[in-house]
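Enquirer: Okay, so TrEMBL annotates it like this:
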- 13-33: transmembrane segment (TRANSMEM)
- 40-57: transmembrane segment (TRANSMEM)
- 69-93: transmembrane segment (TRANSMEM)
- 100-121: transmembrane segment (TRANSMEM)
- 127-147: transmembrane segment (TRANSMEM)
- 168-189: transmembrane segment (TRANSMEM)
- 247-266: transmembrane segment (TRANSMEM)
- 301-320: transmembrane segment (TRANSMEM)
- 326-346: transmembrane segment (TRANSMEM)
Amino acid sequence: SEDRALFTSVSKIFAIIIAVFQGAAYVSAGFFGPTTETQNLAIFVQLVAATILIILLDELVQKGWGLGSGISLFIVAGVAEEIFVSLFSPIILPDEIYQGIILALFKTLVAGNIGAILIRAGGFPDLVGFISTIFLIGALIYIEAIRVEIPISYAKFQGYRAKYPVKLLYVSNVPIIFATTVFSNIFYLGSLVWSRFNPNNENVFLNLIGTYTFDQEAGTVVATGGLAYYVIGPRGLASVFEDPTRAVVHAGLLIMFAVLFAKFWVQISGLAPEKVAEQLISAGMQVPGFRRSPEIIASIIKKYIGTVTILGGLIIGTVASVADYLAVYGSGIGILLTIGILHQYYQLLVRERISEMYPALGKLLGSD
């Protein structure tokens, strides 16, 4: 418990340190537009203070004032807010149609020009995104339930058999989080280098990292070339049609990094076949018909884990990129994270309910 407490404390300190460095980088790169020194200081303090507040709220949840993780709740709440705004926002856009697709749908149906919201430029909510969001949520719920079940039995109780489930999304959403974090850092660090050393995009070598410009309408820095341009994919079919090469390269990079991080995460997180075999042996389990040996069990499990690791990375990388190209509400990564988190909460609530009804069984499941 002392090691766990130390790890938690160190993680919080590192989170604050990272927030300080990233906040300073964002402000220095002019990511928030032309601002005064006083405004830069206020933005920096706000970013760091928000990070500390999230850490404290997360700790409150973990201390027993809620279920699961506070960070997970923040992610779900943020994605839910984006989806709600995309559905019901009353803001009227330059095309004189509501931003919210539900209001826009009613208006265009009455006016008889529903084609105006089929595909909208600028990444604004459109009908394709609405249909794609519904389809994606249903598909992810289905995929989340797909698993291979390996038969196991207890060595001491030969008549008692169970199954060890290996999910199709065995690595969950961790690889896509790592991949997008790397891509985001490339973009933001590139914008910092651009603002300091290459504001006119004249340095050939620095242009390979990224060329940028400040978008007056959006009020932020946008990439126009180099690696930074391709690690941030286009949003919406209109943007994809403008530059299909960018869409293909971005999808390829995202899928490749998702697979690499999937294999990396399995090795360092205790999900590798060898680790799983050791855990089963220590729990007194074995695979029926095979000797109770870690090497043998690992070789059996490896057939499944090796496949679902690569396949899971391919699926989440493809879903995350294609969903953004279809302008899915809440973003492809946001929907992926939300479905995964909600499924974890469902399992957590089931365990809590079981522990209330059957205390002895609840202890076996790890419930307090």
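Each residue, glycine too, has its Cβ placed from N, Cα and C.
Please treat TrEMBL annotations as automatic predictions, because they have not gone through curation.
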Enquirer: Should anything in the same chain at least six residues away from the transmembrane segment (247-266) have a Cβ under 8 Å from its Cβ atoms, list it; otherwise answer none.
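Expert: Same-chain contacts beyond the flanks: 170-171, 174-176, 178-180, 182-183, 230-234, 240, 272, 305, 309-310, 312-314, 316-318, 320-322, 325.
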Enquirer: Is it true that the transmembrane segment (69-93) and the transmembrane segment (13-33) have 3 or more Cβ pairs under 8 Å, skipping pairs fewer than 6 apart in sequence?
Expert: no
Enquirer: Quick check for me: are there 3+ Cβ pairs below 8 Å between the transmembrane segment (168-189) and the transmembrane segment (40-57), leaving out pairs under 6 residues apart?
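Expert: Contact between the transmembrane segment (168-189) and the transmembrane segment (40-57): absent.
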Enquirer: Please indicate, using numbers and ranges, the residues of the same chain that are 6 or more beyond the transmembrane segment (326-346) and have a C-beta under 8 Å from a C-beta there.
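Expert: Contacts with the transmembrane segment (326-346): 67-68, 72, 75-76, 78-80, 82-83, 86-87, 120, 123, 125-126, 128-130, 132-133, 136-137, 140-141, 144, 169, 172-173, 176-177, 180, 235-237, 316, 319-320.
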